[in-house]
Amino acid sequence: MSRQVSLDRLRNIGIMAHIDAGKTTTTERILFYTGRTHKLGETHEGAATMDFMVQEQERGITIQSAATTCSWKDHRINIIDTPGHVDFTVEVERSLRVLDGAVAVFCAKGGVEPQSETVWRQADKYGVPRLAYVNKMDTIGADFFRVIRMMEERLGARPVPIQIPIGAEDTFRGVVDLVRNVAIMYYDDLGKDIREEPIPEDMRELVEQYRTRMIEAATEADDALMEKYLMGEELTVEEIKRGLRKLTVECKINPVCCGSSYKNKGVQPLLDAIVDYLPSPLDIPPVQGTDPETGEPAERKADDNEPFSALAFKVVSDPYVGKLCFFRVYSGQLKSGSYVLNATKGKRERIGRLVRMHANHREEVEVVETGDIAAAVGLKDTGTGDTLCTDAAPVILESMEFPEPVIQLAVEPKTKADQDKLSTALLKLAEEDPTFRMFTDPETGQTIIAGMGELHLEIIVDRLQREFKVGVNVGKPQVSYRETVRGRVENVEGRFVRQSGGRGQYGHVVINLEPAEPGSGFIFENKIVGGVIPKEFIGPVEQGIKEALQNGVLAGYPMIDVKVELVFGSYHEVDSSEAAFKIAGSMALKAAAQKAQPVLLEPYMRVEVTVPEEYMGDVIGDLNARRGRIEGMEARGNAQVIRAQVPLAEMFGYATDLRSRTQGRGVYSMQFDHYEEVPPNVAKPIIEKAQGKA
């Protein structure tokens, strides 16, 4: 079967940017000009084709990366629109993993904004070639050349403009195509009346300067071009494009275009640049993986005749077809109705139907080929990051890394009916989003949800109520405290005696209690000599002590890191029983803990904050105010990484706080490190609240 579109004419690209740089509008325009939509969708009207979740249309931001396919000049372009909010970086991570190239959209006024830095670093990590598009050239304060400077300074990029704007703000009329050396003028706001004209006189000098710079960059691609240029010969348009394309694919330069998507200016030249400079699946190195049977490295080339391999990068619950699994085909072909092996989980799966997505419309297809991005219906066990392949040639492709969730809160169903729906809904959401976790708190029995930030959890709760119709009450984020003792006490007794007619109860133990090494939990030592307590009653004593440790004497939190020695006791021939000794053990522990200087412990987190140098003092001061201890600092690129230990109780709301302190340019990660004593002034209100005094 011959391919519909040859591999060299396929482009898998992502569109990435800061919030409000206009990337969803840009995608909308691309779809309009490539004939996929017949009506322009405006983000601010809540009608954008790519933003199809209710939450996205209300907030005017993109949360889930929607995938869509379109055609331009005999090329097929698969586009993934990615969110620009820091709480959703996982969506960006996973789309970058399966793309071959990307378009970074910058706002002509805001330039390189904080999220642009984060997204750019993620693209660097995956080695994704990209071109830049400076949007909103018609807004007040638009400055194309300032954005170019910011790309160099903040991103360490090497931008090479292939267009420069004609006019700016309300006089923005078109662009100069530096490669073909012509002016493209727009005479209306619908992008219908477009004319090619000679370059305006007053811009000749500027155009010459930037064109020379672009041609010099192109000649670095190969010696033949360099030689021709140095001999003073003119390079042809084809040669310039070939040179720029080679360097872009190698991630050495970033061609830059400009326009105003909203006013329909500059979108067609951007499409031309996507086709001209971004890589096809043939331009990128073969994908690497491992053979699950031998553990040896394996690779798959982009070729329809190679064995089938694909990476699942997103799972969504669709109200009509159930579970939709998005995947990128790296090699071979796949027909609908066939069986595949999920090599990551070692399970065979049947592909029910194959669909190519256009935002939220689907088009059923019989077969998908190398380089395609499509979705499958019917994969029950496949999750994000799993590899799909043939039984005959299994391979596990490199998966994705997802950060651990850093914030958690309790959710409770409002009614009994909600109770049953809650866990099903949460499981579905956890399947879609690898950075969202849910678990039951063993101490309170509450359902806890954890995620990447407050906005992330807010949207999860919102989706529970809207999509899954589950009513929930949301608690405040909580901390799990612990208790321990600081002093040693000896010969504390626990005596449980009931002897008033009939079979009595008799248990009597004497214990010593002392602090144990941090992290050791609970140590029990039997020092009974001469059989004062028979062997069969020793186990129940230990059991009773363990149960008593679950509820500490200060505030009812579990006690950890204590050592108990059982030193003496007595028993009664008839009345002693396992139950009596269990109760005696727990009574002894409670009495001993009261006397052994009990203290409250809190979880300390290992926190890493990455911030631009100018905010460092402010951020360190703030961490100190949060009872944090700074452990060290190091430079990473043009940012500083601060490492600190901070109590979890002080970290609530930190994401929002850091964002405002650093104008959104700071990012942080944290994970649990150890438990440590709570200072008396902080512990007092916690203990009083637990004892019901507060």
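Cβ atoms here come from the backbone N, Cα and C positions, even for glycine.
If you look up Swiss-Prot, you'll see 17-24, 81-85, 135-138 marked as GTP binding site. DSSP gives Ala17 (GTP binding site) a strand state. A 10 Å cutoff on Cβ-Cβ distances gives Ala17 (GTP binding site) a total of 30 other Cβ atoms nearby, all chains included.
The domain 'tr-type G' annotation in Swiss-Prot covers 8-282.
According to Swiss-Prot, the region 'Disordered' annotation covers 284-303. If one looks beyond the region 'Disordered' (284-303) by at least 6 residues along the same chain, the residues whose Cβ comes under 8 Å of a Cβ in the stretch are 7, 100, 249, 309, 330-332, 343, 346, 370-371, 387, 394-398.
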Report summary line: Same-chain residues at least 6 apart in sequence with Cβ under 8 Å of the Cβ of Met137 (GTP binding site), in sequence order, are Ala108, Phe144, Pro165, Ala168, Phe172, Cys258, Gly259, Ser260, Lys265, Gly266
